[in-house]
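Here's the structure we're looking at; comments come further down.
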Amino acid sequence: MNYPLTLEMDLENLEDLFWELDRLDNYNDTSLVENHLCPATEGPLMASFKAVFVPVAYSLIFLLGVIGNVLVLVILERHRQTRSSTETFLFHLAVADLLLVFILPFAVAEGSVGWVLGTFLCKTVIALHKVNFYCSSLLLACIAVDRYLAIVHAVHAYRHRRLLSIHITCGTIWLVGFLLALPEILFAKVSQGHHNNSLPRCTFSQENQAETHAWFTSRFLYHVAGFLLPMLVMGWCYVGVVHRLRQAQRRPQRQKAVRVAILVTSIFFLCWSPYHIVIFLDTLARLKAVDNTCKLNGSLPVAITMCEFLGLAHCCLNPMLYTFAGVKFRSDLSRLLTKLGCTGPASLCQLFPSWRRSSLSESENATSLTTF
């Protein structure tokens, strides 16, 4: 008796069908791995984490990020005429962080009720997320190059010409960040999951082969242009800077001035490298370059959510770093808070009484807001 399809062909067709559904639904409920169905990837623990911890944590990051980065912008703007090149880059970095924290309320709302704000706002939020991530990494790379040229090669220029080149560089960075994020902006759309209880999501559309290729292109740009190349540039520059500063021990002030840039870069690496590792692993799984086991398929969504939270927390860490590390910045922050009425014994100004002592003793020799 002849059958039109063999059992082996049926299994292969069934596997292809489930793999396609799994790709389109972004690991939502079930997937076929190694010829058997995996259980649901989002258990009660993950559901509780998304429902309780994520809104609270993102709200805290939002508040700290807005307050901290606004204070950084106000202080740096007050010294606009005397800002160094590094501080100009840090000003734009604070702008990028501030814009990035504005997407957090949208992320919390999407996790609770799905995306209900339409395609235009979907593309806008994706643009804010990706553009500002690219700009943050590129600005940190520019800070590293700027310190490398100034310290290792002693490159100096007339102030007005140097500031003009810095502003042109910052404008170029924002343009490059937008161009790198363009694939995600163009293909972002609101899509409904394939399951009855799925919420609408703002995602990268992968409904055809061209969109899938664009998705892999955006992932490649995200890994290489957004993280790997900037980190290589930063590492190369700061190795040269540290080597040079060890030879020039008679300039301790210059050694202190470069520490904040290295610390900012280190915090960026520590916050974003775990996310890039799990996203890269997710990319390999989708390319079938690694065995897509049920364990991996169930662990990736949890790891991505946790590591993304760590990366977004970076938005509120830089202002804290400037406050605890920068002598002159700390002094200016103390004066600003005093003008705002921060004078009582229980005020924020009294939480760290050593601030004023260290600021008075060291700020006279500080020529930069980011000097230690």
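Placement of Cβ uses the backbone N, Cα and C atoms for every residue, glycine included.
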Membrane_side_equal(Val54, Trp115) from Swiss-Prot: yes
Candidate in Cys38, Cys202, Cys237, Cys271 joined to Cys122 through a disulfide, as Swiss-Prot lists it: Cys202
In Swiss-Prot, the member of Asn28, Asn365 to which N-linked glycosylation site is assigned: Asn28
Long-range neighbours of the topological domain 'Extracellular' (110-124), counting only residues six or more past its ends (CB under 8 A): 50-51, 54-55, 185, 188-190, 199-202
The topological domain 'Extracellular' (110-124): DSSP-derived helix, strand, coil residue counts: 11 helix, 0 strand, 4 coil
Per-state residue totals over the topological domain 'Extracellular' (189-219) - DSSP helix, strand, coil: 11 helix, 7 strand, 13 coil
Contact check, the transmembrane segment (260-280) vs the transmembrane segment (56-76), 3+ Cβ pairs under 8 Å, seq sep 6+: no
